[in-house]
Structures are given as C-alpha cells and as structure tokens.
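Here the structure comes first, spelled out in structure tokens, and everything after it is commentary.
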Amino acid sequence: MEVALSALVALFFGAAVYLLLSKHIIRMLLGMVFLGNAVNLLIFTTGRVASVAPPVIPEGATVPPDAVANPLPQALILTAIVISFSFFAFLLVLAYRAYQDIGTDDTDKMRLAEPEERGLPPLGY
Amino acid sequence: MATPAPSAAVDAMLSTPVPAADMLIVMPLVLSFLFGSVLLMVRKRVEWHGWISVPGFALVFAADVALLFKVATGGPFTMMMGSWRAPFGIAFTLDLMGALFLATAGFVALAAAIFAVVSVDRQEKRYGFFPFLFLMMGGVSGAFVTGDIFNLYVWFEVLLIGSFGLLVLGSRHAQLDGTTKYAFLNLVGTTLFLIAVAYLYGVFGTLNMADIARQAADRTENGAVATIAMLFLVAFAMKAAAFPLNAWLPASYHTPRFVVSALFAGLLTKVGVYALIRVLVMLFPAQHAGMAGIVAWIAGLTMMTGALGALAQTDIRRLLNYVVIAGIGTVFAGLAIPQAVGAAPGALASGLSGAIFYALHSIVVMTALYLAAGVIARRTGASTLETVGGLWRESPLLSALCLVFLLAVSGLPPFSGFWPKVMLVRAAFAAELPWLAAAILVSGLILTIASARVFAFAFWRPLPQAGGTDTEKSGDFNASVPEHPAPLLPLVALAAFVLAAGVWPEWLSRLTTAAADGVVNPTAYIQSVFGGGA
C-alpha cells in the first residue's frame with residue numbers, strides 16, 4: 001500500500017514541478033494544486049497506512065484496547081488542506097486581477113516591478 | 001488490556017489547568033489576534049484605527065519584553081497546550097534566542113505602527129491595513145514561541161497570508177506584479193518546509209522539537225535524516241532569500257507602501273533565519289556539521305549578490321532590497337562553522353552568537369532604512385537617486401538619522417553593525433575559513449560604497465532642477481497624506497537602539513552568547529519541555 005501511495009506522490013510531485021516551471025500563471029496555479037495534494041498524500045503515507053480500528057477510545061477507558069490507526073496525520077492533513085485551499089483561493093483571485101490589470105499571464109512579460117530599460121545609477125553629480 | 005485503571009499521572013494531566021503565569025508565553029499572539037479582530041469590527045471607523053493599533057502594538061511589545069526578562073533570568077520555559085504531557089501536546093517553548101527575536105520584532109512593529117498611522121491613507125486603512133499588520137505580527141510571534149515543528153509551519157502560513165494582504169493593498173500594477181512572484185515563490189518555499197516536516201514525522205514519529213533534538217543524537221549516520229536536514233536548508237534559505245533562491249525579494253519588496261516594505265525587510269526574512277538556526281543547529285547538529293561547507297558557500301555568494309546588487313541600483317528601495325540580501329548572507333556566515341557533535345562549544349557558538357546579534361541589528365536597521373526612504377520620498381517626491389537631493393539643508397535631523405543607519409548597515413563603528421561583524425570575522429578565522437572572513441569584509445566595503453552614494457546623492461548635493469518627468473514612481477508614496485513630523489519619532493527610537501547596541505555592545509552580546517550556547521547545547525530547552533528527569 002505504501003509503495004503504491006509513494007508512486008502516486010511521486011507522480012503528483014512530477015506533475016507539480018512540470019507545471020510550476022511554466023511561465024504562464026494559469027499553469028503554475030494548477031501546479032500549486034498538485035503540489036498541495038502531493039504533500040497531503042505524503043503526510044498520509046509517512047503516518048503509515050494499515051487497516052486497523054479507528055482511533056476511538058471506549059467510554060471509561062483511558063487507552064485504546066487494540067492497535068488503532070494513527071490519527072495525527074489526519075489532523076495534520078486537515079490543517080494543510082485548509083491552508084493550501086485558502087492560499088489557492090487567494091492566488092486565483094490575485095492571478096485573475098493581475099491578468100485584468102497587467103493584461104498578460106506570461107511572467108516573462110510582467111516586468112512592471114523590475115523594468116528592464118533601467119540603466120545604471122548615476123556616477124557623479 | 002492490563003492497565004484499565006487510569007494512572008495518577010493521567011488523572012493529574014486531565015485535572016490540572018495550565019498555570020496562569022505560563023500563559024504569558026501566548027500573550028503576544030492573543031493580543032495580536034484580539035486587536036486584529038477588534039479593528040475588523042471597527043473597520044469603518046478609520047479615525048479610531050491609530051488610537052487602537054498603537055496601544056495594541058505597545059502591549060504586544062510589553063509582553064515581549066516581559067517574556068525576554070523572564071527567559072533571561074529564569075532560562076527557557078514551556079507551556080503545553082491543555083496540560084498535555086510532552087511530547088504529545090502542542091508545546092510553546094521560549095528560549096533566549098526566541099525571546100530576543102520576539103522582543104526585537106515587537107520593537108520594530110511598534111515603530112512601524114506609529115509610522116503607519118500618519119503615512120497610510122484612509123482608503124487603505126479602511127481595507128484593513130492594521131488588521132493585516134496584527135495578523136502578520138501574530139504569525140511572526142507564533143513562529144518565535146512555538147516548540148512544535150508543525151506548529152512552526154502553521155505560523156509561517158499565518159504570517160504569509162498577513163503579508164500577502166499587506167503587499168497587495170492598494171492594487172497598483174507594480175504591486176500586483178510583485179505580489180504574484182512573492183506569493184508563488186513563498187508558497188513553494190513553505191510547501192517544501194511542509195514536505196520536510198512530513199518526512200521528519202515519518203522518520204522520527206514526533207513533531208515536538210525538544211523530542212526531535214533528543215532523538216537526533218542517536219541518528220547521526222542516517223541518510224534519511226541528512227535528506228531531511230537538506231530539505232529544511234532549502235526551504236528556509238528560500239524564506240530567508242539566500243542565494244540562489246533570492247529572486248523573489250528584489251522583485252517584490254519595493255512595490256508596497258514604504259512602511260510595509262520596512263516591516264517585511266526587517267522581519268520576514270529573519271523568521272526564515274531564525275527557523276534555520278533552530279532546526280539546523282539545534283535539531284540536527286550532526287547533519288549541520290556535514291553541511292557547513294555548503295552553508296559557507298551560500299553565505300559568501302549571498303553576501304556578494306547583495307552587495308553587488310546594491311551597487312547597481314538607482315532606486316533607493318531597490319537598493320535596500322539588495323542590502324537585505326547582503327545582511328542575510330552575513331547571518332548565514334555565522335552558521336557556516338562546522339563543529340563535531342560532542343565537541344566543546346567553540347567557534348560555532350561564537351559564530352552563532354555573532355549571527356544572532358547581526359540578525360537583531362539587521363531587523364532594526366533595515367526597518368529604519370526603509371522608513372527613512374519613505375520620509376525621503378515624502379519630502380522630495382521621488383525615491384530614485386537621479387531626482388532626490390538637498391535633504392541635508394532641508395532636514396538636518398533626518399540626515400543625521402539616515403547617516404547613522406547607513407553607517408550601521410555598512411558595518412562601521414560606533415554603530416550596531418560593527419560588533420557582530422567583528423564576532424563573525426573572528427569566528428570565521430577560528431574555524432579556519434579565512435575566505436569567508438574576507439567575504440564579510442569585502443561585502444561590507446561594497447555596501448559602504450553603495451551607502452555613501454545614497455548619502456551623497458540624497459543629502460549632500462543640492463536638489464537637481466526638477467524636470468517634472470519623474471512620474472514613474474509617484475504611486476509609491478501618498479501625496480494625499482499631509483506632511484507630519486511624527487514619522488521621525490520611530491526613526492529616533494530605532495536610531496537609539498542602533499547607537500546603544502553600537503556603543504555599549506556588552507549587554508546585547510552577553511545575551512546573544514547565552515542564546516547561542518542554549519541552541520548549540522539544548523539541554524535546558526529539552527529539560528523545560530520534559531521536566532528535570534529528561
């Protein structure tokens with residue numbers, strides 16, 4: 001199970017890196033989605049996958065009676081999902097707004113903050 | 001199972017509340033988020049924002065100073081959320097290094113808030129300038145006090161979302177451009193951090209930093225741990241804008257309002273540096289010793305990139321962007337000293353002490369320089385060296401303050417940049433890395449040239465005949481906000497620190513030395529989490 005999941009994680013990372021290397025923001029956005037999900041799967045896999053009981057402690061006991069699944073990766077993934085989702089929403093709006101205002105989604109052409117024709121500083125006065 | 005009866009320890013854990021005195025450690029966070037939410041509620045009462053924010057940041061700073069005092073006198077201390085027993089609960093652990101960063105961050109945040117009250121216009125306050133500022137400060141403070149590595153990731157994201165808001169507020173075209181690059185690259189950086197955390201959890205089965213530090217001592221020859229340490233180095237170097245992962249910083253830091261640039265330059269990269277020191281030196285000392293050569297190269301190249309980049313810039317803020325990078329390289333030089341595990345604390349501790357000192361100095365002086373650039377732009381209507389001038393005659397106080405900051409950032413005595421560089425150069429020689437010492441000194445020389453040029457153009461020469469052509473940068477400062485003397489107040493406070501740390505460096509270097517010792521030998525840190533028996 002872990003091997004299959006690892007292969008899937010590798011596939012996700014590969015797709016994410018490929019898309020992030022693009023100069024078009026829309027592809028980079030999709031790359032971020034892949035990257036976020038790759039990490040979520042990775043956390044899930046590193047928490048060990050096994051078919052055991054859910055981590056619920058019966059009433060009156062303080063420890064679970066049998067081996068249970070590891071609940072911590074799920075809590076971590078939940079946090080990571082919320083964060084990556086909210087960041088994706090922000091990036092989506094930002095990219096759309098930048099496209100509207102600047103008129104391009106090609107990062108090579110987005111040179112407003114660092115204009116190319118700027119010469120060297122004055123040498124004397 | 002054999003143990004059906006709840007043990008006394010579990011009972012005690014369930015019934016004991018967290019001592020009230022320990023709650024002090026979360027006060028900077030609680031206050032930041034409390035004031036941020038109150039400000040959201042009174043969003044439309046823009047005239048109240050200043051009166052709420054400045055006392056809010058003053059309270060946060062007071063809590064930071066109280067924590068620093070507590071840690072400096074009593075050593076590191078820990079609060080476990082909900083009295084869970086280590087290593088299961090979420091730990092908030094503050095040691096001297098964290099407390100020093102925390103107090104300095106609180107100081108510059110207060111200075112920037114005072115500056116912002118008079119320099120940010122109504123519209124941007126209405127759109128939530130101060131709530132974003134409090135949110136970001138909450139994230140920064142959280143990163144300094146947490147003792148749990150996943151929690152550290154969460155605080156990174158909190159400060160990142162606050163910084164996105166501040167960076168894009170105003171929505172000018174250059175800002176949208178800068179924010180796009182900043183957002184993507186920083187998000188990739190924090191995702192790399194999360195990947196490293198995931199592997200770390202897979203190998204160690206714990207996320208508590210003290211627990212990891214305890215276990216890492218047994219895994220010195222483990223290839224997986226070396227991979228994890230390298231991933232952390234890449235992730236935090238990206239956050240800190242170290243070469244070759246520095247491209248996002250000069251692309252974005254000069255686009256928002258000056259006060260936002262100031263806080264970013266002062267704080268955000270230093271959070272990356274703090275996390276790198278914490279993780280690489282404290283958690284993985286054996287792997288750090290193996291990677292020190294790489295860190296030394298990163299440090300040297302970052303210093304040179306920053307210094308030469310600064311020399312090539314015309315716009316004052318874009319020049320300062322590169323000065324930030326040079327400062328990061330200087331801090332990295334303190335981390336570049338190899339030391340075998342178990343060896344007596346020597347060159348590494350003294351280099352680390354210099355690095356922490358330099359990072360604190362850099363927080364204050366970079367914030368001050370960007371704020372000063374804001375005042376210059378306000379006075380002259382421009383921030384490029386071609387069009388500013390004549391400020392020496394117009395404002396002697398501003399000129400004197402800028403001279404202090406420019407000399408400090410170049411590392412000249414008697415200001416705060418000098419002593420940490422002395423410590424770093426000595427540590428580099430002690431570790432037999434003379435080329436690294438030379439890189440520190442050469443980058444200091446180049447920065448002196450760049451700073452001298454700023455001073456000569458902006459202050460000494462008379463104001464050039466204005467052709468009225470400099471409309472390019474007119475969006476960077478708010479012409480609608482009336483001229484006000486108050487922006488000089490935070491600059492005077494920051495200059496007082498620069499001067500105090502430069503003329504009397506003893507008190508600060510004693511603290512940073514103790515802080516570095518606490519990181520190199522984290523026994524006290526681990527004991528504060530696990531109790532005396534660990």
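Along the chain as shown, the residues are counted starting at 1.
Yeah, the Cβs are placed from backbone N, Cα and C, and that goes for glycine too.
Because TrEMBL annotations are produced automatically, they should be read as predictions rather than curated entries.
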_Labelled transmembrane segment by TrEMBL, one stretch among B:127-146, B:487-506. Can you tell me which?_
B:127-146
*For the transmembrane segment (B:357-377) and the transmembrane segment (B:54-77), decide whether they are in contact, meaning at least 3 CB pairs lie under 8 A, counting pairs 6 or more apart in sequence.*
no
*Do any residues of this chain, six or more beyond the ends of the transmembrane segment (B:289-312), have a C-beta under 8 angstroms from a C-beta of it, and if so which?*
226, 229-230, 233, 237, 242-244, 246, 250, 280, 319-330, 332-333, 335-341, 433, 435-436, 439-440, 442-443, 446-447, 449-450
_Can the transmembrane segment (B:97-120) be said to touch the transmembrane segment (B:258-277) if we require at least 3 CB pairs below 8 Å and skip pairs under 6 apart in sequence?_
yes
